[in-house]
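Trainee: Take this structure, written in structure tokens, and hold onto it; I'll ask about it next.
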Amino acid sequence: MNSTCNQMEELSSSIFLRCTLIFTLSSCAILIPMTIAASHSLWFSKSASLFHLNLRIILQLHLIGFLIHATGRFALHFIDLYNYFMLDPCTMIPNVWRCFWLRFIYAVGLWITSTTVVPLVMERWMATKYSNRYEHKGVAVGLVFVVVQCLVCSIHLVVLYSGSKIEGVVMPYCMVARDSKVNVGEINGFATVVVQLFARLIFQYLYKVNGKLRKKQLESTLSNRFQLEQNLMLDHHDFLVYFLFFRVMDILKVFANISTIYLSIHAFSFMAVLSLKEHVASPIYFSLVEINSSYPIYGIISILIMWNMLEKNRRKVNDNLQTHVNSTWQGDYQHFRVSELKTGK
């Protein structure tokens, strides 16, 4: 056997690599239906009204990113595992174009989910700045933000794939290579961390601004409760709009924290894994690369956490709205009794 066949035999017989691919394949198989269910819930569930239409468009693209990544990765690892278990080492050498396109799909989904923070912060800034009338904004704003996200994602992909070797390359393992004195993976990883941290700081500022608006609105509402003649409390719809606006910031803060923590850990650990390339066996190195790129697990955990928060906040919305209705009814009843006494009825 030639050196490539020997390398393929080493990879295909590695228990560690096989287990890693099986685990990742299983994660993708779980994530794919979860993203479909989450997308349906985002538009049609009882919690859908928590989010403005523009915000839902941004979150939908985020879920599509998970779906693209999981689908491409599922196909990639399924073929690898089939080859490892069923084929002879010399006949299981991956087709270079299959590697390129499946890895490209893999990367498209990865970078869509990694850049969601950019339009998210932009949308929340606009929602905060124009909070009095943002509720009635159309979908054009959300579509513009999504286009911006796609452009940011495209820049990452162009930098990552420009100069990649395709023709005449033998790939024992599907991983796109390129000639460069500078490690593009490390640059992209560092850029991701910087963008995430910067966006998180902006989001924290917006969160504090919204906290002040919430306090101001609450004080205004409490003051108005005692004005019997006009009863200037918010009507039920307006109360719900304001309450949802502030609760969304709480939910998105958790989303931003999950994204920042995971992507920062992923970027720094990726740089560490790259430094091990010349010091560990190929099966171990490729396994570490796949383990580090645990986006399917990130997707599963983030969807579960967000679903749990949405359910809790939906119950809070119902409880607070009921309290508001009861308070308004009591105020109207007291107003009616005062008017009745004044007229002597």
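Using the three backbone atoms N, Cα and C, a Cβ is placed for every residue, glycine included.
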Trainee: For the record in TrEMBL, which of the ranges 15-36, 213-234 is the transmembrane segment one?
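Mentor: That would be 15-36, per the transmembrane segment entry in TrEMBL.
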Trainee: Flag the pair the transmembrane segment (15-36) / the transmembrane segment (254-274) as in contact if three or more Cβ pairs fall under 8 Å (sequence separation 6 or more).
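Mentor: They are not in contact.
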Trainee: Cβ under 8 Å to the transmembrane segment (294-310), counting only same-chain residues 6 or more beyond its ends: which ones?
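Mentor: Contacts of the transmembrane segment (294-310) (Cβ under 8 Å, skipping residues fewer than 6 from its ends): 24, 27-28, 30-31, 34-35, 38, 41, 45, 47, 50, 66, 69-70, 73, 109-110, 113, 251, 254-255, 258-259, 262, 266.
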Trainee: Tell me if the transmembrane segment (57-79) touches the transmembrane segment (254-274). I count contact as 3 or more CB pairs below 8 A, with pairs 6 or more residues apart.
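Mentor: They are not in contact.
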Trainee: Where among 57-79, 138-161, 187-207 do we find the most Cβ pairs under 8 Å to the transmembrane segment (104-126)?
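Mentor: Per the Cβ under 8 Å count, 57-79.
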